[in-house]
Amino acid sequence: MAWQRPDGRLPYELRPISFYPSFTRFAPGSVLARCGDTQVLCTVSVNKGVPKFLEGTGKGWLTAEYRMLPSATQKRQERELLKLSGRTQEIQRLIGRSLRAAVDFEALGERTLTVDADVLQADAGTRTTAITGSFVALAHAISKLLQEGVLERSPLCGQVAAVSVGLLEAEPFLDLNYIEDVAATVDFNVVMDQHLGIIEVQGTAEEGSFSRTQLDQLLDVAQKGIQELLIAQREAIADWESLFVIN
């Protein structure tokens with residue numbers, strides 16, 4: 001029997017996605033990203049200076065941190081204080097790698113952009129929502145730096161969005177919620193740029209294996225969702241046309 005989605009969505013349908021820019025006061029870029037019941041607060045801060053391996057090169061850097069509010073899930077989780085879990089470290093590296101694909105670091109100069117993605121509520125897809133929302137926050141931060149004259153030209157040279165896909169009852173589904181994520185026999189996180197080029201694919205089978213045909217189906221479904229997310233991102237960035245130097 002075919003999988004029936006708990007929220008009534010079609011197999012290739014995204015959850016409702018929305019961005020609330022300028023959500024906090026002090027960070028140059030801040031966005032509350034909502035994907036269904038998943039909510040992630042994404043902020044971008046800017047500091048002079050770069051890691052030692054970049055000093056004197058004239059190039060900037062972008063790094064990311066990811067955390068979950070203890071009450072983001074149904075059962076309260078302990079705060080990660082002295083040591084980060086392997087999952088947290090993996091996710092924040094993924095966010096950083098993904099967003100670095102959209103930045104011209106020579107245009108940024110010797111400055112460091114720090115992305116903070118804090119999950120307020122989790123219903124699966126937190127890392128993909130963090131990437132998609134953090135890109136919007138990054139664009140707003142760059143816009144502010146340009147307006148203030150800190151930067152002479154925009155270092156944004158690309159656009160990045162991410163989505164989850166999975167196999168349920170051997171069929172591909174887009175943007176899994178928690179119930180679906182638990183039930184999926186295969187689940188993927190896919191990150192793409194504005195040309196639908198692949199930045200990263202994370203995919204595993206929870207039991208057994210999956211075929212090359214199913215892999216292609218999952219990537220096709222992910223591409224469809226990312227096309228919609230790219231449009232939603234642009235609609236949340238008022239000065240899109242002047243801000244981006246897209247190759």
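Glycine too: its Cβ is placed from the backbone N, Cα and C atoms.
Small disclaimer: the values here were computed from a predicted structure and weren't measured.
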Please pick, from Arg79, Arg87, Arg100, Arg153, the residue that Swiss-Prot records in the phosphate site together with Gly125, Thr126, Arg127.
Arg87
Gly125 (phosphate binding site) in three-state DSSP notation:
coil
CB contacts for Arg127 (phosphate binding site) [other CB atoms within 10 A, all chains]:
24
Residues other than Arg87, Gly125, Thr126, Arg127 within 8 Å, Cβ to Cβ centroid, of the phosphate site?
Tyr66, Ile91, Val119, Ala122, Ala124, Thr128, Thr129, Ala130, Asn189
Binding-site residues: Arg87, Gly125, Thr126 - member with fewest neighbouring CB atoms within 10 Å:
Arg87
